[in-house]
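Pulled from Swiss-Prot, these are the features on record:
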type     : residues  : note
DOMAIN   : 19-179    : domain 'uDENN'
DOMAIN   : 199-330   : domain 'cDENN'
DOMAIN   : 332-437   : domain 'dDENN'
REGION   : 508-536   : region 'Disordered'
COMPBIAS : 526-536   : compositional bias 'Basic and acidic residues'
REGION   : 765-793   : region 'Disordered'
COMPBIAS : 779-793   : compositional bias 'Polar residues'
REPEAT   : 841-892   : repeat 'WD 1'
REPEAT   : 897-934   : repeat 'WD 2'
REPEAT   : 937-975   : repeat 'WD 3'
REPEAT   : 978-1017  : repeat 'WD 4'
REPEAT   : 1020-1057 : repeat 'WD 5'
REPEAT   : 1060-1099 : repeat 'WD 6'
REPEAT   : 1104-1141 : repeat 'WD 7'
REPEAT   : 1152-1187 : repeat 'WD 8'
Amino acid sequence: MGRIFEYFVVCGLGPEMRTVDGDLGFHGMQTFYLPALLDQFPPTDQSPYPAPPPQLPTCVLPAGVEFHSSGFVSSDPASFPRSYPIVLTEGDGSKIFVSCIAFRDRVCEDIIEAYRLPPNTYADKCICLVSHAPNFRVLRNSLEEIFVLCFSSEGSCKPLWDIIAYMVSNVPLPTPGKDRVLFAVENCLLSVEAPPEDSLPQADISLQPLVQCLDVDNLIKLFTSVLVERRILIRSNKYSLLTLVSESICHLIYPFRWLQVYIPLLFFSGVDYIDAPTPYMMGLHSDVDTSNLAMDGVVVVDLDINQITTSEEIPQIPEPEFSTLRNDILKLLHPNVVAIDQLKGFGNSVEQCPKSLSKPWGEDHDLQLRVIFLKCFASILGGYRNFIENKVFSTDAFLKRRSRSTNQPPEPMLVQFLGSFAFLDYLERRLSSDEKSTNLLEKLQDAVGRGQDAMSILPKSSMEPEIITIAEPEVEESATRYTYDRFPASVRSEEQEEKRKQILAAASGALESNGRHPPSSPPGKNTKEDNFSSMERAAERERMVLDIQVKLQGLWLRLLKLGSDEDPLSSFEYGTILALIESDAEGIGGSGFIECIREHLYSGWHGQLSEEQFIAVKELLKMAVGRAASRSDLSTVRDALEVSAEMFKKDANNVSDYVQRHLISIPIWEELRFWEGYFEYLMEQPANESVNYATLVTARLIIVASHMAGLGLPDTEAWNMIETIAEKQKLGYKLLIKLRGFLSHVQQLRVGYWGASSFKQQAISAGLPSPRPKDVSVSDETQQPSEASGRSWVQSMFSRDTASRANSFSRVRKWVSDNASSDITAAAQKKIQTNVRVLKGHGGAVTALHSVTRREVCDLVGDREDAGFFISGSTDCLVKIWDPSLRGSELRATLKGHTGTVRAISSDRGKIVSGSDDLSVIVWDKQTTQLLEELKGHDSQVSCVKMLSGERVLTAAHDGTVKMWDVRTDMCVATVGRCSSAILSLEYDDSTGILAAAGRDTVANIWDIRSGKQMHKLKGHTKWIRSIRMVEDTLITGSDDWTARVWSVSRGSCDAVLACHAGPVQSVEYSPFDKGIITGSADGLLRFWENDEGGIKCVKNITLHSSSILSINAGENWLGIGAADNSMSLFHRPSNAGTKVSGWQLYRVPQRTAAVVRCVASDLERKRICSGGRNGVLRLWDATINI
């Protein structure tokens, strides 16, 4: 049987001090420091439960640890102990419930001595009970009894840790609806039980704080924001309120679940996560300043002043459910006011105001409030079961039926809710067999249909629970009482004690070193060193350096010779090397240690380490590199980089894991200045005189790229730095392409085996976080500082798969990587748009999408209703017309006629033309949707179609031909162009008669169809040409050879080669206003190019998307992007941006779901982007909000 208490944990000030900003050591009494895990019962290796999460210390003391001159003072409320719950969410979405008591406790004497603190100094400490069971009350009551017992003047009859151990080890989880467990903490009797499984889920909290902090309208507004999955930030000056309100609202949305990021109490230094674009519910203390954050689109709920603010309107719950919900809540909260005009004891007034409502708030009120919200869901989703066929819910049909019954158009709130992850998750659970028997929503719908009371669906308690008593251990009678002046530490092992001494000795030594070598000597005081000549001082320093290096050499060799039963991390050798590196202000220890490794490698050592040695060496190198980087000692950093690439261990699959891969958290690798210095160092090394300069530069840059990949630097950031260095060396585009290919190749090899690096975790420390003083099997070799653990945990929540969502927060933290300086600031990062509609109708993958523009239908005054339509084609052989102006009923018509996959679509004022794998081109009447003509003549699948003026159609196919058709006669007028292979892309200028086509033969062909002659064959690409764009005399082509090329149409010459993508260039666009070029590749990268001193230069890189760029559409002020990972983005160029292509600024991005997209089309006039997925679903994003 499981236990209700999994761990008892103590967090506070550890022997290694770090500020919340990551600075090592003591930095004053007014500074906040990172909390550490001090004690834990039971040890992880003795527990059946997973270890407490590493972010626990950061989360239970969210502000950090502060020093105080006194402990509890009755006249100072700020010194009072605080009791509050927190909830942590793991990567799989499961919750960990923690009860905390934070208080001021005396700092240990050895820490005071090591850091020279004032005597009787106090610091923040927190004791916690950790459980996966949501029993908030028993967790809090038990913890408070422990705390009172510790500081009681009467003391306890047993040592405090014995009481804790017995309680944690012996109190079982009660059987739901059957048991009540009784146990005692000293002389206090406590109990715990759980509701039946067929009842509402256990909510061991009171909902009263929620209804006390928010009035009815704000409560409903918060409830609605949760249902439509907005970004929600809850503020309060009390930790408890943040957790209680968050948990309460999660219970009120039953039977649905909040599947987005959930952090009821965010640690203070994580405030920057509020700007994340992913939906979240987070709580933040009111003292934390958010004025420098964009906060655009965030729903801010201020519990202290009963206020909700947001820059984006929250849709209202539809009627009549909104009025019913509001009245029911008012009736519960204010029964006397609601029923003041009713005659008591007459008619139904007694039923309307139950007697229990006149009592103080209790569990009955909690239950009734939850049922009120369940009734709201039952009404809104009335009859939803009738629209589930073959395990698929028909949203459109349900909305149409509801619109007919309410005589209202589809409500925006309901449309958004039915497309939410919460609703989709509920449907999946509902369709599983284990969910149907306990589905209270459907039980309530059935009960209401029979005219029964809503409370009748809840199980009746027919019997008293069985009492299970946990007997106290027998204690020999003794007059001894255990009293404490501070919360006691558990007993440390010899190994833990030794680790603690090493950390404190290193800290003390660093202070002494700083004391012996002050920045400047006091005036008038001559030291011994002042009497040395410069030569004597140099000789003395040289002797000191030599002495340290000799000691390090011996320590290093002894560290490698430790026996298999000896732990290097707890050895004297490791501790001494660490102290020499950490306490040496001049860097002699760090550089000397790296030199020892280098000499050992030169002597013939192969660099292979055991698992334990690998951990020790890795952490020592981290410390050495971090210290060297802080001193700008780039030569030591360079040497460490090189030796780390030589030392390795073998993993379980006999694959080498190099030390270098584990140094990624050090910030120096992000700095261009380091890599430029390293490249210059490599260029200074001896080289074969017969090698030309370009080849030498390329070889040296390959070495740089190898180290970048070995570290795990993100591909885009690594390439930006390599490209910058290469451009300064004037490398040609062919060598640039080779370099790009090499970097991508080694990156793919690394990611293929090790996975993507968590590069964006905050690098708080450059070295090993020293072992915890009482590290009861909780410290392992990968332990991070608690702040880094906290940030890593938050990032893992943003990046985890949540109901098919795959959204990497690392891309949120840095949307744009610009090789100059990014102009997309936090303020310019516009809000995530939630207005995304899901359009269903196709039975196969969507393979073609077309946007009907005003120019296409000659809409000069805005009276054409078809301007703004989207037209889609699919593998189901159907063409569908969608009207975005009809919310909930977007499907306008379905065109049937093709027998193969639809590959291309175009239209004009009156007609639609589509091309298919069935070798045919069909022309449809746009108004009547009737099939007008079927044009046959191609010998292979049709890949491109284009409507022209004068009832003409231009088509291209995989047979290599381009044909002109006259729709009126159903005849092919002429084959206007021929290529040697399949045509994949087509452009035509109707005003000049110039036609351009390209495809698999790697040649771009240009014809003048009016003269019937071919003008040019543009050769240069080495692989398929995927996309072309022609504007006036400029032709742009994008190819699978990773380049785009710019050509002159009149001269037939290549004006520029646009290289540096890491994959096929699948989309190209010309921005006519600024005469810039935009390219998108399979690497997910957008590159903006503009003319610069007679050439074309890349001026901006955008890393917002993580998969192939499928569509780029540039207008005068708007730019729409769509990618294969179902992500979209809209850019805006302000009128004052000038004529530079770099003036494009990210306007907003929509929420993204995990789906593979085949095609994208955008309507910039209405700021809409539509994507077609492999699952047959279209996602229509409407970003129409005034600027």
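Residue 1 is the first one shown; counting continues down the chain.
Placement of Cβ uses the backbone N, Cα and C atoms for every residue, glycine included.
Per-class residue totals from DSSP over the domain 'cDENN' (199-330), listed helix then strand then coil: 50 helix, 21 strand, 61 coil.
For the repeat 'WD 5' (1020-1057), the list of distant contacts is 733, 737, 740-741, 984-989, 994, 996-1000, 1002-1004, 1006, 1063-1070, 1072, 1077, 1079, 1081, 1095-1096: same-chain residues at least six beyond its ends, Cβ to Cβ under 8 Å. Same-chain residues lying 6+ beyond the ends of the repeat 'WD 7' (1104-1141) with a Cβ under 8 Å from its Cβ atoms: 808, 811, 815-816, 1063-1064, 1066-1082, 1084-1086, 1088-1090, 1147-1150, 1152-1162, 1164-1165, 1167, 1169, 1171, 1173, 1179, 1181, 1183, 1187. Non-local neighbours of the repeat 'WD 4' (978-1017) in the same chain are 940, 943-944, 946, 948-949, 954, 956-962, 964, 1023-1030, 1035, 1037, 1039, 1041, 1047, 1049, 1052; each lies 6+ residues outside the stretch with a CB under 8 Å from one of its CB atoms. Confidence across the repeat 'WD 4' (978-1017), taken as the mean pLDDT and rounded to a whole number, stands at 92.
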